[in-house]
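Here is what TrEMBL records for this protein:
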DOMAIN    1-145  domain 'MGS-like'
BINDING   HIS10, LYS14, THR36, GLY37, THR38, THR39, HIS89  substrate binding site
ACT_SITE  ASP62  active site, proton donor/acceptor
DOMAIN    122-254  domain 'DAGKc'
Amino acid sequence: MACTIALIAHDRQKDEMVSFVNRHLPVLSRYRLIATGTTGKRIQAASDLEIKILEPGMLGGDAQIAAEVVAKNVVAVIFLIDPLYAQPHEPDIEALLRVCNLQNVPLATNLATAEAIAESLANSVTAHLIFNPVSGQGNAEQDLNLIRELLEPHLHLEVHQTTPDISPEELAKNAIASAADMIIVSGGDGTVSAVAGAVMETSIPLGIIPRGTANAFAMALGITQQINPIRRACEIILAGKTRVVDAARCNGSPLILLAGIGFEAETVARADREAKNRWGSLAYIMAGWQQLDQQILFDAEIEIDRSTQKFQAGAITVANAAPLTSILAQGTGKVVADDGLLDVTIATAETKLQAVVTLLGMLESALIKTNNEINNVVHLQTKKLKISANPPQKVVLDGEIIGTTPLEIESVPQALTVFVLE
Ligand SMILES: O=C(CO)COP(=O)(O)O
């Protein structure tokens, strides 16, 4: 977490420290702040800044800050020293100054240098990385070290790891609240979707470092590759080129890839964690083969613009973005991620002609397309729709089962700014 600033002032410099902090609130609020005991309390009383207060300097506070510097957590130390007074804990002060020099951490011991550091921090980029350590099949510790090695020389990186108790969405909301210049998510599609849900409509650019099983969103945007995917993703983020793409909401949850009921949902439900670990993305395909001859039909009802149509279906997918490999979403070819439309693909039980006739009533608000190569598959595009099924069907949303039908899905055009290759 090399995104911490340490604040320390000797007694006759404390007023100076308080007014320095108040002058630079917008910059300082973007960082995690730590301070020695009395300094921290003075700053807290004079501002709304969140600050971690350590022991008073005299009781080892400087030594605690030195330990954070050694742990590479600190991006700058502002230490307003009293040059006219000898402190009883001089050895601790010397140790702190020494480790800053050893670790090459910017260190201000007077106000003029503190101002120069504040100006430099105001011009630097703070990135919050939301990292899911249990995504995919790689070695999470090695992956995180590589990401830090690649990104930290260029931006102030604050790393937040997801745990069973702390969701990626919660971490993303905290990052937004601390005015992050960019948010980077590293994990599988579920983690990317949760973070994107918090980031959508904020205009904070989103970097994606895919480390999941399928990485479908990164694939759909062309920002992943087989060889060195982490290195490639970091290079794309550092290059700074962004693209604005759509997102969607499904029953109030974020949707960046697709919602599926019937075949797609049953397939995901079958590809359990053990299978995914063993087979990687093959797990989805294998589960699909098993599902194919067991798929039962259901009565579906689709509502678009208050017009409702009923038919028998085996699978329905509603895609915001989808890689070319996601066959069921690609009714007529490429799903376009920035057209403001959802791509709905319906595998019906009837002949395609009958299905098109059934759905013709929707033509006013939805565009119906068909692909001659695939029988019984109808494709349409719309901004929003409702789907219900009888019997109720499992629903998969961006790779995770979220419950059962009914569904209400709405496109949120131009909701996400994502770092991309071109
Ligand atoms: O003595 C200090 C640093 O050496 C400052 O400590 P306090 O912030 O607790 O006064």
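Even glycines carry a Cβ here, placed using N, Cα and C.
Unlike curated entries, TrEMBL annotations are predicted automatically.
Proximity of the binding-site residues (LYS14, THR36, GLY37, THR38) to ligand 1: a Cβ under 6 Å from the molecule is found for THR36, GLY37, THR38. In this structure, the CA atom of HIS10 (substrate binding site) is 11 Å away from the CA atom of ASP62 (active site, proton donor/acceptor).
Counted over every protein chain shown, other Cβ atoms within 10 Å are most numerous around ASP62 among the recorded positions LYS14, GLY37, ASP62, HIS89. Binding-site extent for substrate: residues HIS10, LYS14, THR36, GLY37, THR38, THR39, HIS89, maximum pairwise Cα distance 17 Å (rounded to the nearest whole number).
All chains included, 18 other C-beta atoms sit within 10 angstroms of the C-beta of THR38 (substrate binding site). Reduced to three states, the DSSP call for THR36 (substrate binding site) is coil. Of all Cβ atoms in the protein chains displayed, 21 besides its own lie within 10 Å of the Cβ of HIS10 (substrate binding site). Secondary structure of the domain 'MGS-like' (1-145) per DSSP, as helix, strand and coil residue counts: 72 helix, 27 strand, 46 coil.
Annotated pair the residue listed as 'active site, proton donor/acceptor' and HIS89 (substrate binding site), C-alpha to C-alpha distance, rounded: 9 Å. In sequence order, LEU7, ILE8, ALA9, LYS14, MET17, GLY57 constitute the residues six or more apart from THR39 (substrate binding site) in its chain with CB-CB distances below 8 Å. Model confidence over the domain 'DAGKc' (122-254) is summarised by a mean pLDDT of 93.
Around THR36 (substrate binding site), taking its Cβ as the centre, 28 other Cβ atoms fall within 10 Å, counting all chains.
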